[in-house]
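Student: Dumping what Swiss-Prot says about this protein:
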type: ACT_SITE; residues: 100; note: active site, phosphoserine intermediate
type: BINDING; residues: 100, 240, 242, 244; note: Mg(2+) binding site
type: MOD_RES; residues: 100; note: phosphoserine
């Protein structure tokens, strides 16, 4: 078997690639590996709004109970709520059932340790090893030694209270639009903003099990962009399916991506003397415009591989407090141990309120270089072949020469889908658009 875990847990099409059997095995092996030696360990279990969540949750819980661990069921809450509540409740681990921004037919299972951090590669490999060994040495208790399932009814309110406490003042007077992606944010984000005094307008807050991320949320913010203008809001926020990321929309209906959000928050934290070593952690995918803006503001940048787990690793290692991705995964390490869409949205709203300036004006400190992303659909086992392919490497060199030092080419395999992503930045939008798609087509043609 290849590696089960991708960059964000185990993910696949529910009931074919990610079956109830796999969920049971992950529950059983995960509970064993993460709680070895603990007496009656506690594991939190949560999910987003996908129809397959019920099936996978039941199987996962069965696996957890089968090794004598307790399953504390949180219901539908955002991924960052699991990270926070694992610490708050003193649990031994937490599990989120979600495929984040992916379409409804997908689902995923990701684990958090007792500190609320995603697992290391080594721990994930150990969970897989236990499954592949057919659970050799894993206990199967009987009678009163089996685990019990309990429902934690205050989970959502405990998370909302935590998120609200990350900004110490009211948002009264702000008109805010929220796009909940028919996902895990549909209750928590609305309640938090309303309780802080904001005038809240909401779309896509009616999940039916099948409409998560469907033409809405952070992957499709167009509806929110129009809605902000229609309702004359000061700003808007679009979450993804599990609400661990968010994008913003300014009062003019312009999309504010993760790079702008990071720049805005870094500048504000630096002014308060709270940006450790005046340093921001981002990935290699961040726009070159962010580098330029940070240089102007005397903010240092540290770059990591793509994936919020690598951003987090760097932050934890050097105790940096702010980092994230262009996609809207933003980590405020003083508050939570993972990307948190609600906390991010509250910080932005707080800055707008405190500065008494429009979001468009606050974001004008950064100018974005045109950037194009093109996907090449290729089988998972061929995703790294471009690295040693002379024709493709030659094509990349040609593009780099044409960009003449103002721009770049970045190619990376997706960690969650059978795709290779081709990213180009440069001064001329039409030119880089053509180059990116030509290169993606070449890669796709060669490996299919």
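Placed from the backbone N, Cα and C atoms, the Cβ positions cover glycine too.
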Student: By a 10 A CB contact count over all chains shown, which of the binding-site residues listed here is most packed: 240, 242?
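Tutor: Going through 240, 242 one by one, the largest Cβ count within 10 Å is at 242.
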Student: Cβ distance under 8 Å to the residue listed as 'active site, phosphoserine intermediate', same chain, sequence separation 6 or more: which residues?
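Tutor: Correct list: 8, 79, 108, 240, 241, 242, 244, 245.
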Student: Give me the sequence-ordered set of same-chain residues, not including 100, 240, 242, 244, with a C-beta within 8 angstroms of the centroid of the Mg(2+) site's C-beta atoms.
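Tutor: So the additional residues around the site are 48, 78, 79, 98, 101, 183, 184, 239, 241, 243, 245, 339, 341.
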